[in-house]
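Visitor: Take a look at the following structure, please.
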10 protein chains.
Amino acid sequence: MSIPEITQKLLAAKKDKGLSFTDLEKILGRDEVWIAAAIYRQASASEEEAKQLVEALGLDESYVKELTEYPVKGLGPVVPTDPLIYRFYEIMQVYGMPMKAVIHEKFGDGIMSAIDFTLDIEKEEDPKGDRVKVIMSGKFLPYKKW
Amino acid sequence: MSIPEITQKLLAAKKDKGLSFTDLEKILGRDEVWIAAAIYRQASASEEEAKQLVEALGLDESYVKELTEYPVKGLGPVVPTDPLIYRFYEIMQVYGMPMKAVIHEKFGDGIMSAIDFTLDIEKEEDPKGDRVKVIMSGKFLPYKKW
Amino acid sequence: MSIPEITQKLLAAKKDKGLSFTDLEKILGRDEVWIAAAIYRQASASEEEAKQLVEALGLDESYVKELTEYPVKGLGPVVPTDPLIYRFYEIMQVYGMPMKAVIHEKFGDGIMSAIDFTLDIEKEEDPKGDRVKVIMSGKFLPYKKW
Amino acid sequence: MSIPEITQKLLAAKKDKGLSFTDLEKILGRDEVWIAAAIYRQASASEEEAKQLVEALGLDESYVKELTEYPVKGLGPVVPTDPLIYRFYEIMQVYGMPMKAVIHEKFGDGIMSAIDFTLDIEKEEDPKGDRVKVIMSGKFLPYKKW
Amino acid sequence: MSIPEITQKLLAAKKDKGLSFTDLEKILGRDEVWIAAAIYRQASASEEEAKQLVEALGLDESYVKELTEYPVKGLGPVVPTDPLIYRFYEIMQVYGMPMKAVIHEKFGDGIMSAIDFTLDIEKEEDPKGDRVKVIMSGKFLPYKKW
Amino acid sequence: MSIPEITQKLLAAKKDKGLSFTDLEKILGRDEVWIAAAIYRQASASEEEAKQLVEALGLDESYVKELTEYPVKGLGPVVPTDPLIYRFYEIMQVYGMPMKAVIHEKFGDGIMSAIDFTLDIEKEEDPKGDRVKVIMSGKFLPYKKW
Amino acid sequence: MSIPEITQKLLAAKKDKGLSFTDLEKILGRDEVWIAAAIYRQASASEEEAKQLVEALGLDESYVKELTEYPVKGLGPVVPTDPLIYRFYEIMQVYGMPMKAVIHEKFGDGIMSAIDFTLDIEKEEDPKGDRVKVIMSGKFLPYKKW
Amino acid sequence: MSIPEITQKLLAAKKDKGLSFTDLEKILGRDEVWIAAAIYRQASASEEEAKQLVEALGLDESYVKELTEYPVKGLGPVVPTDPLIYRFYEIMQVYGMPMKAVIHEKFGDGIMSAIDFTLDIEKEEDPKGDRVKVIMSGKFLPYKKW
Amino acid sequence: MSIPEITQKLLAAKKDKGLSFTDLEKILGRDEVWIAAAIYRQASASEEEAKQLVEALGLDESYVKELTEYPVKGLGPVVPTDPLIYRFYEIMQVYGMPMKAVIHEKFGDGIMSAIDFTLDIEKEEDPKGDRVKVIMSGKFLPYKKW
Amino acid sequence: MSIPEITQKLLAAKKDKGLSFTDLEKILGRDEVWIAAAIYRQASASEEEAKQLVEALGLDESYVKELTEYPVKGLGPVVPTDPLIYRFYEIMQVYGMPMKAVIHEKFGDGIMSAIDFTLDIEKEEDPKGDRVKVIMSGKFLPYKKW
């Protein structure tokens, strides 16, 4: 996996500024996961969003243009080796068919959109060990018949 | 992908009985996704859970033993072809690195457990089209140093 | 690639009856490609559609139930070896990036839905050799920001 | 996937000039998808076409030679990760066999040519959401017997 | 690689009858390679051809129908392990680009058709060891511009 | 696929000189396909051949040494994406087993050598469209028993 | 496999200093395997640990920042080719299922954590040839039901 | 992964008898992991060991012969999907290179044998959660020079 | 890897007869490795050899025909998992390029034939542990120029 | 496959000096294949061996350090494309199982070591064409039971 150069530049600036993704969320009015996706060039920003981001990171405007382009998406290798990312692959391997069964039963034949889609990450404090909460919300798209 | 024979039997009985996963959730006191996972042989039931499930489906006890065994998990092909399941693979391809960045920032170096883990699926009614909501909650496991 | 047994049964019955997909299109009021997709268990029929299809093919109702189930979709090997199907893979290899560029320019960042989607096949008569015309129409789904 | 350097240069010039593919279509008298394919080095231009293109983009003639060469074609990874391009792969996975069945029935044993082939992309305005229309037209090539 | 059952039946009958492919060539008036392709279900026979073949092999007409169907083509694994077949893969690996260069120079941008195509195998007697001669002839298809 | 740098240099010089492979065939007294293979570093030239080639292309002698080295052969990806080269892969997928059957019948158990091997490409003029003729000739090597 | 540049720098400094991993274990108070993991950028050091390590190796502090970052983990190719590393892959291929059986019997359904995990390597002197002893200790994580 | 039939028979008998691997360890005088390996047909038993095992499981002697055969070893898919087994693959991905570095430093150039090799699994009781302890011991094999 | 049924039958008969491959070598006058290859259907026997083999194993003549057929060769998975066979793959990975360099230097550009080829296995007794000696002898085939 | 830079340097120096591997064998007192392996960084030299080698090639001592390091071994792609190296892969595909059967019969359950291993290449002069003789000798390692 090769991280785009612009991503490395933006992350370094973010570190230097001491800004968290949550800080950026407040500045840009966009969710921190979406902002991270824009920084990793998996989402395209509007010109205004790109300018706000670049300004917040204390960089000059030369990065704006690339951040507004529509990227070729998909960063990972076929099977991810990083343990954190692999767990999401494992969840799909283990719970994919059960999820398919439950979603079809609730909604009929179709899919959860990964485009009309949001993803939030929250920290659940727990005395037995904090928990990562991931909330995905995607529009249900029923299969069209024709 | 070959669906285990017992899964096919249980799903057929469930259909004949006209029971939804939500109905089974009420009967067993376990989440419908976990029940689907047990039926797909991705989770192991206790003897009591297996008996309740088999009884609810109107089947004889011969299925109990297999349901309590610890399965070899992971059903899918390396890259899933079913569009519903593929979308979760795509989410990992597109949002995997951004999620990694946000989780590390909130929690430090470590992962979200896929074992001490729950997964819920809800239907969000929406006039612009209902939405599938997937809520994952996994214990954060920090990397041990030694 | 293993063709489902029900597909083989339905295709054999269709051949015995001497019915073309176009004939079935007239009987069911659904497009012939969609009907072929239902027969190959890549689309799920309503109970009424399944009954009409089974009846048209002179088969008993035992096939109706399976035709209405929501299938695990995706028939092919990773890279198809059949020359007719491979050509569509080749088109994606050669024209995929150009199509991406043109679609993004016309619509912005997003995708053509493969779910809210129709596909027609027509025969264009041409003295230099007839042509296959494939018309795809999919709803444009813009990437949601959140 | 590595985009050829010349492609990046031409796309940057196109952006600077504020020209759309549709504008280039009018200037060159070739379809915008074909022009995009030439820019991505998936199609070879004649010297005249290359000169027109380079001139329209305000570049010097040094690019003409490369644009007229016969490229090694095929840009993508085996299974594309970009969601827009993946959807065309998914269409082949789900509808490949049904399309094969319908094409064979209409034309006999053979294939749709991907060489004697055209591809158009149109925007269908629709109050429920605009639609992407892709029209492929390829000569039917019957299998020769010998 | 799984050889179709019908192929095994036809080859066994051919062996019992003591017929060579060359004998079949004389009986059917089709090239022996094409006949072998039909037997391996890589080419579809007309009803008349199928009848002639089945009759020549002393089999009843029950095989005719399957021989006339349009097969899903492509028998081999991605990289063939059989040494005889592998050599053709190796030829493509080693001489593929040189052939591409020479064909383009002689014909322009396009391909040799594998559909409007014939393939002959001859034995060249040679005191230093007989030689296998393979003659392929495919229509040149120039890339269409549009 | 990465084309060796020397190949790019030689092809550029060949283009500048306006020499075809057929011209080089006359100058070197070697077949044009073999010369293309030497240029693509899939075959090793003798010092004399290398000098003749380099001289014909108007280059200095610095290229001679590399052209005489025994290369690591095999240029392509596992499954080629370039349509012209893919067709030869497809031919092996579709006609591989039939060719094996015919060659074994004519020669016994063994293979066609890809080393004691020649390959010619000819243009067959045809009013219905010119044809590419590829003639391979390889020594038959019978399996040794010991 | 590409070894990160920082790893190469640190290993070279370690060699120049004549320090073994065991020496570093004494200096840092961390196990030598963990230190090696930190050097290969598979584990993240605290700022203090990074400083100690850099100082011990006689390098300036410019390396501290990178050593504290949370790395994208996983160095190897899918199937390792290095014989030493391959043997661990082979152990998993041969003894994976037996280990699964024994662990499940001792602990129930769940896994050995690879995160709350330590790994030690010891030299067992043995007159018939010294032995490598690898001791892994990972927290057992039982599958949560919900 | 297909579990050999004999394995399924032996495991079922073991379950019926209510015997644990630890019980078998006491009866056979072999480590439980080795016994599990023999049952999964990854290790070959002597005739005496096979008889003891079969007798302990209350089965007739018909299984003895197969248990003494030298098996084709290696059960798993290339990348294991079962979470318990995957963790050992992940350990190799993350800690493979660090282990290589430490082993080379302690022993020189060579490998840990996976043949002259033992593997023990122990349960470490721990108030914060029991731990799985895996102890591997393999003879160090130095690379021979010749 | 699926072992052909005939192989299993022949090996069982060989075991019942208490015959070693060395015994068969004496009876047939062919090397034991070649005989093993014939039994595994990787080499084709003459009718006489097949009869001798079948008779030696005490089987009826029904196996003769299959043993004389020219098999589709190549048994293993892409990367072998069996440790004994894997070592030969490892040898190729580690010593392949060095062998290529030495062979080219001794013989020029070409290959060692795997067809005009013999392979012997001998036991070298050695007080430090017996050694497996594998002797391959293949005709050198120089690359033909044309 | 990327050849290490040091390998290219050493091979160039060897060529300039006009030294064969056989010459180096005489100078270093090590087998030419092992020397080639050291040059390709598949074997590690002692400091003395490295100095001798570097001196023989007329290079300065800067290469000594790298030659003594323990390399990450394994040069090739999964399936080699170079015909000379591929033949050894083919031998394993075709004769792997027969070799396994013969070795097990002669030695019991275990493997031929690829570490305590030597490999020689000899030229067998033969009027019908010289032969490449490859002699491998590896210690037999019996599977340990525990």
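We number each residue from 1, going along the chain as drawn.
Any Cβ shown, glycine's included, is placed from N, Cα and C.
Okay, so TrEMBL annotates it like this:
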type: DOMAIN; residues: C:74-146; note: domain 'Cyanate lyase C-terminal'
type: ACT_SITE; residues: C:R87; note: active site
type: ACT_SITE; residues: C:E90; note: active site
type: ACT_SITE; residues: C:S113; note: active site
Visitor: For the domain 'Cyanate lyase C-terminal' (C:74-146), what are the DSSP-based totals of helix, strand and coil residues?
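Guide: Residue counts for the domain 'Cyanate lyase C-terminal' (C:74-146) by secondary structure: 25 helix, 27 strand, 21 coil.
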Visitor: Chain F sits near which of the active-site residues C:R87, C:E90, C:S113, counting only a Cβ gap under 8 Å?
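Guide: It is C:E90, listed by sequence.
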Visitor: Using the alpha carbons only, what distance in Å do you get between C:E90 (active site) and C:S113 (active site) once rounded?
Guide: 20
Visitor: Taking the Cβ of C:R87 (active site) as the centre, count every other Cβ atom within 10 Å, in any protein chain shown.
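Guide: I get 24 for this one.
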Visitor: Which residues does C:S113 (active site) neighbour through Cβ under 8 Å, counting only same-chain ones at least six apart?
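Guide: In sequence order, the residues whose Cβ lies under 8 Å from that of C:S113 (active site) (at least 6 apart) are C:G138, C:K139, C:F140, C:L141.
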Visitor: Ten-angstrom check, please: count other Cβ atoms within 10 Å of the Cβ of C:E90 (active site), all chains counted.
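Guide: A 10 Å sphere around the Cβ of C:E90 (active site) contains 22 other Cβ atoms.
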Visitor: Report, in sequence order, every one of the active-site residues (C:R87, C:E90, C:S113) having a CB within less than 8 angstroms of a CB belonging to chain A; if no such residue exists, report 'none'.
Guide: C:S113
